[in-house]
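Here's the structure, in structure tokens; my notes come after.
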Amino acid sequence: MSDTATDSPAADDAVPATTPADLEAASARVDALRTEIERHRDEYYGADASTLSDAEYDALVHELEALEEAHPTLRSQDSPTQTVGGRAETTLFAPVTHAERMLSLDNVFSEEELAEWAAKVERDAGSGRVRYLSELKIDGLAINLRYEHGVLVTAATRGDGVVGEDVTQNVLTMGTVPERLMGSGHPPLVEVRGEIFFPVAEFDELNARQLEVGERVFANPRNAAAGSLRQKEEGKSPARLELMRARIRRLRMLVHGIGAWPVRELASDAHVSAQSEVYGLLAGWGLPISTHFRVFDDISEVTEFVRRHGAHRAEVEHQIDGIVVKVDDLGLHEELGATSRAPRWATAYKYPPEEVNTTLLDIVVSVGRTGRATPFAVMEKVEVAGSEVRQATLHNQQVVKAKGVLIGDTVVLRKAGDVIPEVLGPVVELRDGTEREFVMPTLCPECQTPLRPAKEGDIDLRCPNARSCPAQVRGRVEHVASRGALDIEGLGEVAAAALTQPLEPEDPPLETEAGLFELTMADLVPITVVVRDAETGMVKVDEKTGEAKRVTPFRRRRAPKRDGVFDPAAPWGDEDSVPSKSAEVLLENLDKAKTQDLWRILVALSIRHVGPVAARALAGWFGSLDAIRSASREELAAVDGVGGIIADALLDWFEVDWHREIVDRWRKAGVVMEVPGHPGPGAAAAAGGVLAGLTVVATGSLEGYTREGALEAIMAAGGKAGSSVSKKTHYVAAGPGAGSKLGKAEALGVRIIDAAEFRLLVEQGPDAIALPDADPAADADPAAGADPAADAAGAPAVGEAGEDASAEVKPKRARKRKAPAAADVASAADVDADAAAVPEPGEPGPGGAAETP
């Protein structure tokens, strides 16, 4: 998946023919687009896979940008158009806040676009020659190494650019990342950015080993890198633990920049003024840098570099999907600046994906969690862009028709973005008359229910048997366990299939997700399941036997022996009643999941339109599932971040009897469905809490508060948590990492407070932080004549992005002003992304803002 590039041809073609004028319709489309984009981001960054091509992803993002531009009130800080990478929401690894935000890169797709980018850079840079550093764009996993006084403190994934996952132990296991930097005079704090990858030459050997021991194989080296690094040691048998460590030890890293870096505190001999000199400094510290970078005086030389490596891209030790071009002069980095998601002084040239021919053997239809029936191309195995491909999505019957492919055709296949397999079309000249047309089935292939559009005019066909369709139940069980929901380790695709579609016993342990928390060891141990492909649902075949691949995921298997001696060629045996470690881990993690946050429970219920943002808003305002269930449409819609569409979806969901059964059985099994200590729906505001009628914006890192914690503290005190600063804002609580909201507050004369004052404010009210000789009420209230449109937008103004996430914040006191009427209480949708910024200041480092995706 490429990062969004608004000037790409794919994005331009994707501008919708019409933009909904009706705000309600626009809101529905925006919500659907955000859900779709976040789902594919989660697939790419979280599950290390994706079902969408670069062009399709860019088209979705561009349509969302157009709608937000046409309807500014729909834009929010957590929109995919304002954020970087994937969401850092997991309980598998501890969260780590980066000292400086890890940005992404904009893309160019042709030599002409590269020349246009360079021309703009040179215009903006003014007089003087611009030199360009060019390097290979590694297709791996972005990593941030934090060194303090030369000692590695943490290693974290990028996450959402602000908060990543702590993978320090696994990075140290690699054995190639120095725990202590070489030399002397190291700064008190420096962040080193790089990419972790799996060597291409060792990839086939890895997958062969995975097959030998019954583990899943990886689709490509990038997935191998992410899948190896992002795993924990707990709960693994000694054999699996050694296998995990062996995979990690094969990983390699190359560094390509610096994040937070207090330049003034460096020794004089470490001073650098160019990106290329940064690489010399990093190499001197003992960090691995790429040897494939060059500095050029002219963009035409960069173009030659791009062509040369494009022709020899398969000869490098790691996969590449383009060339990164950076302005070499660090002084120009600061002058050119950055947008909210990418630096202006760097770009990524994306190579056109590799194309090959293969045979289209069949088109099969898969049914997903929401009942959507999706045709998939099943092809003769072929290698493309470094990995073997057997299948690719065809999206719907209209796409099949538009591509003009017939079963039996020779088709052109490419890796979109060098990651996603995509069928381009048939090689008509090779047809011999044996080909046949694909006919979309009229019945669900899983439960034989007639397929139909969800509503008139829909292209997609869906299975309406939501309760009992095995594929939909399997998908919902997987969703319950996903990182964005209850984050249950051990409940992946194989376990979900085992619980819902077992070969043995005849009756599945789960008919719906209602019984998930009632599972016992007796339910798990007898299960035998046929392994299915995660996307198509097709049965996987054992390449050695030619038969369907069967596993017993929840009971132990006897090692293959002949005459009492281990023999890998002998058949594996089963011990009928001995639970496996996987069974123990699953039951243990299901028990832990019962006490997850209420918002995660809401997401896990698969209620249409209810994602993490809306779920947080509902949980924060109502405090319990019962309160949400009994609320009226007006009460639901009044919650900021919810609105009429989500309110209707909630009411519709609770109207269904088997939905209510899920809630009732989960509760009976011990699932906690309320926020501990919550005073009830809007109780703090209704009771005239200490912040009743006041709007508070939190930005930067506030000591003692997480991002959600600051929001909840404001709401619990009866206040409104704003996402942007306007004349209706009463206080701005600013900590390290605060961005443009701080400047806007100063310009508007809004009172700025620090973390200590914020704590007093939410606990005791405005009187506790009143200025000397000031009227506390006047101190808290902004002037009349506020701009309602600005406040209603609930989003940063255009041009507000690009703030320095590691700048030192010095709270200032502003003049006192008078108050407007009390504002509505806000929700999690209003949370400022800045609130998750750094706990510790540091000046922006050379080359550190750009992070290859």
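Glycine residues also receive a Cβ, built from the backbone N, Cα and C atoms like all the rest.
Swiss-Prot lists 1-22 (among others) with the feature compositional bias 'Low complexity'.
The feature NAD(+) binding site is assigned by Swiss-Prot to Asp54, Ala55, Glu56, Tyr57, Asp58, Ser104, Leu105, Glu135, Arg158, Glu195, Lys326, Lys350. In the structure as shown, the Cβ atom of Lys326 (NAD(+) binding site) sits within 10 Å of 28 other Cβ atoms.
Feature annotation from Swiss-Prot assigns active site, N6-AMP-lysine intermediate to Lys137. Take the CB of Lys137 (active site, N6-AMP-lysine intermediate) and look out to 10 A: across all protein chains shown you find 24 other CB atoms. A strand conformation is recorded for Lys137 (active site, N6-AMP-lysine intermediate) in the three-state DSSP classification.
Neighbour list (Cys469 (Zn(2+) binding site), Cβ cut-off 8 Å, at least 6 residues apart, same chain): Val367, Gly371, Cys444, Glu446, Cys447, Thr449, Cys463. Taken from Swiss-Prot, the feature Zn(2+) binding site applies to Cys444, Cys447, Cys463, Cys469.
Mapped onto DSSP classes, the domain 'BRCT' (686-775) shows 34 helix, 15 strand, 41 coil. Residues or ranges marked as domain 'BRCT' by Swiss-Prot: 686-775.
As annotated by Swiss-Prot, compositional bias 'Low complexity' applies to 772-800 (among others).
Look at Swiss-Prot and you will find 820-840 (among others) tagged as compositional bias 'Low complexity'.
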Binding-site residues listed as Leu105, Cys444, Cys447, Cys463, least Cβ neighbours within 10 Å
Cys447
Cβ-centroid neighbourhood (8 Å) of the Zn(2+) site, Cys444, Cys447, Cys463, Cys469 excluded
Val367, Gly371, Pro445, Glu446, Gln448, Thr449, Leu451, Pro464, Asn465, Ser468, Pro470, Ala471, Gln472
How many Å lie between the Cα of Lys326 (NAD(+) binding site) and the Cα of Lys137 (active site, N6-AMP-lysine intermediate)?
12
Taking the Cα atoms as reference points, how far is Lys137 (active site, N6-AMP-lysine intermediate) from Leu105 (NAD(+) binding site) in Å?
11
Three-state secondary structure, Cys463 (Zn(2+) binding site) (per DSSP)
coil
Applying a 10 Å Cβ distance cut-off over all chains shown, what neighbour count does Arg158 (NAD(+) binding site) have?
27
